[in-house]
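Straight from TrEMBL, the features:
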BINDING   B:CYS637, B:CYS643, B:CYS677, B:CYS681  [4Fe-4S] cluster binding site
BINDING   B:CYS681  siroheme binding site
DOMAIN    B:4-277  domain 'FAD/NAD(P)-binding'
DOMAIN    B:314-381  domain 'NADH-rubredoxin oxidoreductase C-terminal'
DOMAIN    B:418-465  domain 'BFD-like [2Fe-2S]-binding'
DOMAIN    B:480-529  domain 'BFD-like [2Fe-2S]-binding'
DOMAIN    B:555-618  domain 'Nitrite/Sulfite reductase ferredoxin-like'
DOMAIN    B:629-767  domain 'Nitrite/sulphite reductase 4Fe-4S'
Amino acid sequence: MSWTDIAALDDIPLRGARIVKTHAGCVAVFRTDENEVYAVSDTCPHKGGPLSEGIVHGKKVTCPLHNWVFSLETGEAQGADEGQIATYSVRVENGRVLMDLSQISKVAA
Amino acid sequence: MTQKLVVIGAGMASGRALEHLFEANADWDVTLFNAEPRGNYNRIMLSPVLSGEKTYQDIVTHDEAWYEANGVDCHFGTRVTEIDRAAKIVRADDGSEVTYDKLLFGTGSNPFIIPMPGHDLEGVIAYRDLEDTERMMNMPAGSKVVVIGGGLLGLEAAAGMAARGVEVTVVHIMGHLMERQLDEPAGYLLRKALMDKGITVKCKANSKEILGEDGKVRALLLDDGTELPCDLLVMAVGIRPNTKLAADCGLAVGRGIHVDDQMVTSDPDVLAVGECVEHNGAIFGLVAPLYDQAKVVAKTLMGEEAAFQPREISTKLKVTGCDLFSAGDFADGADREDIVFRDPARGVYKRLVIQDNKIIGAVMYGDTADGNWFYGMLKDGTDIAEMRETLIFGPAYQGGAASDPMAAVAALPADAEICGCNGVCKGQIVDAINAGAHDLGAIRATTKASASCGTCTGLVEQVLAVTLGDDFVMPSVPSVCGCTDLSHEDVRRLIKSQELKSQQAVWQELGWKTVNGCHVCRPAINYYLLADWPIEYQDDPQSRFVNERNHANIQKDGTYSVVPRMWGGITTPNELRAIADVADKYKVPTVKVTGGQRIDLLGVKKEDLPAVWYDLNQAGMVSGHAYSKGLRTVKTCVGKDHCRFGTQDSTGLGIKLEKLLWGSWTPHKVKLGISGCPRNCAEATCKDVGIVCVDSGYEVSVAGAAGMDVRETELLAKVATEEEAIAVTTAFIQIYRENAKYLDRGYKWVAKVGLDWVKEQVVDDLANRQALVDRFELSQTIYRKDPWADLAQPQKAERFAPVADFTMEAAE
């Protein structure tokens, strides 16, 4: 594990997301209504829609292009759609969001 | 041999420790110092004293007789000034010097006073002891008090004073009340109950300064400029362990006095208990762990083995009529599931947080009878997998079969009330059914049941189904989405009739099945709320589709298109130059002229949007709202200024209408066309509103379409003047805004309600037309603004860029 400070919690809108650019593509960092933070791939496996622009409801996000819904906890597509997005370890400490970049370096390498 | 124990502080924790010692007949000679001029009383019962439900005498724990019987040497109203640990001597401000074998700190905590300007004015108090309580009790009815802090203590203070007829305002910095104990839905219900008690509650309110007059508090100033006048200001924002004395004599102190599991401080002969201690990094403010500590400290003193272990605690608020219960952990964290029960009519909300088939958190509002049962399972870590289906209904429902709602209705007695608004019982509805009322409409007409707020519609339908059997077919109006059984029409009606003005209010009062909706209902609810309550409700960008949140149209590759507004389709060389410059500067790959007489810049990167807007703003252009469920474009022909056939100034009318209507949100997009003569070059007759100018005036027609469906508009009214054409158009758009289902284009909505009804409302009834125009104008005071100018400001523009970029770092 290598925890890297990526942002203040308040940089991420409540029920919204911001993206982090990495060697392995964009990662979307979400903040739910209850202040839980999740990091998943920003790219919808269907047609590549930017998930960070989706509507966040409960612990799920809806892709803005064609309404695929993904669990932010497991990365699994919900309902009739089949697909999976990568999830990354992220945690909040003293109002800062920390992400485990070692997972991404592995992907990139 | 008798040993000497000196106790500093006669509070609830040290008091309980002494009780344990005396009950065990431990051989101690006790000296007790207390800075307050009295002995131990039940501090957590100060709230009932404040509200008048109890007196001080009722809450005294240890009276003089108790201290005397146990041989305690009491020094009340006396402050300990110095501790000499080497010589084991305590000195106090009454001149006394007492030696000890063991010393026990029970110094408690101090209320935290925010050091904002004016905090030292006369009339600014905390809520901690009997003196504070008496100060509040002495406020005459009709006087004004502001309480800063919407936590447990602040709310009890507020409710206690409100019960005495004082005008109380609670100012809370967080988004909902008691955020440490409650989730947002429960916080909402609590706020509502407090407001029903006449208490004004302001959340998300930042206190800036306390204003005074002649050294006495006069008002609280918030950072948004609001002034809240008050005769007394109570700060209830938290407590800090009182560690000064301990620190002065060199004990290890962090946030509190450091103790180990035996409650011993860094000095083996000095112990500490209660709110003044810090144990494994935690400090304590609720009574249950303090009593646990008291037990441990007593055993340690008696030489017995004991270890303090923090445990899950539960909270109840002591405000009459506000039943709430909270225990454990109900926020944050992955792998958790919720079981939620909502009964808006009774104001009941229950939520259990489950992890690995165990309850880890519980929040209840309105009906807390089962709180202790859930709390017991939470503490014991009971596996709930077997009873999961009926768990939320409490212990009475365990072991039975899952309930059938129909059976429940069938079992109701004839005098059970179904419709609370109109006081209609089941028996009356059954009688009406037997007399021939066989559908919901007929029941409403004959009994009035479900004719007011409509919350009981489902129940009435179940009574119909139970009574008529197979003869009754449940109507199947499609619901908004899986989050609710209500239709769009029901939700709109209920938002108006129940005056629901926030998303939380909708989720709660209408019994939503999800925590905060989904991508289908959230944009609809957000629209309904802002359309019906433009002043009260604040638009929520996070409930909007990406285009309306980013004020540009997302394209399939994730770039955006940008369309600046050109009023009535008129532009200037300067505007065209600015558009060309933007296209060059930001390397816009495609520039296209749209069907609505605008210029579209396609392929703009998200992070460039604020800069593109800024540049367009500098040239005087604003958002063209080509992305919104709102007013899009007003397309015009050149009219009589240039055209030899033109009958009126169609371009001028188009510009006037666009300047009036722009920025408004509507159920679906709204496009206008204004043609200067019946040749109709602006294609007005396939628009949502089309105006065709003729010699004698203006033909305003509505409900056209040229998309998946192609429809010609139908004539709404023929009017003589431009003013009337504008008023009829505005009133039509407003009545569409107020009544249509989200995502129904104008033509679909008009087909549902009928053009005749629309004519009655906006053409025939002049007073109603004016009222609609007035309501539209009120809404436009909020929404007739350029979102681009707002979002191009540096602090907001930041949000369009990645929050971090690790691609620039050297690869390993």
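From the backbone N, Cα and C atoms, a Cβ is placed for every residue, glycine too.
TrEMBL annotations: computationally assigned, not manually curated.
The structure, with features from TrEMBL marked on it.
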residue: B:CYS637; record: [4Fe-4S] cluster binding site; DSSP (3 states): coil
residue: B:CYS643; record: [4Fe-4S] cluster binding site; DSSP (3 states): coil
residue: B:CYS677; record: [4Fe-4S] cluster binding site; DSSP (3 states): coil
Once B:CYS637, B:CYS643, B:CYS677, B:CYS681 are set aside, which residues in the chain still have Cβ within 8 Å of the Cβ centroid of the [4Fe-4S] cluster site? B:VAL638, B:GLY639, B:PHE645, B:GLY646, B:SER650, B:SER675, B:GLY676, B:ARG679, B:ASN680, B:ALA682
Under 8 Å Cβ to Cβ from B:CYS637 ([4Fe-4S] cluster binding site), same chain, six or more residues apart: give me those in sequence order, or none if nothing qualifies. B:CYS643, B:GLY646, B:SER650, B:THR651, B:ILE674, B:SER675, B:GLY676, B:CYS681, B:ALA682
Using DSSP, how many residues of the domain 'NADH-rubredoxin oxidoreductase C-terminal' (B:314-381) fall into helix, strand and coil, respectively? 10 helix, 33 strand, 25 coil
Restricting to the domain 'NADH-rubredoxin oxidoreductase C-terminal' (B:314-381), report the mean pLDDT as a whole number. 78
Can you break down the domain 'BFD-like [2Fe-2S]-binding' (B:418-465) into helix, strand and coil residue counts using DSSP? 26 helix, 4 strand, 18 coil
Suppose we draw a 10 Å sphere around the Cβ of B:CYS681 ([4Fe-4S] cluster binding site). How many other Cβ atoms does it contain, all chains included? 18
For B:CYS643, B:CYS677, listed as binding-site residues, tell me which one has the smallest number of other Cβ atoms within 10 Å. B:CYS643
DSSP helix, strand and coil counts for the domain 'Nitrite/sulphite reductase 4Fe-4S' (B:629-767)? 56 helix, 36 strand, 47 coil
Helix, strand and coil residues within the domain 'Nitrite/Sulfite reductase ferredoxin-like' (B:555-618) as assigned by DSSP: 29 helix, 14 strand, 21 coil
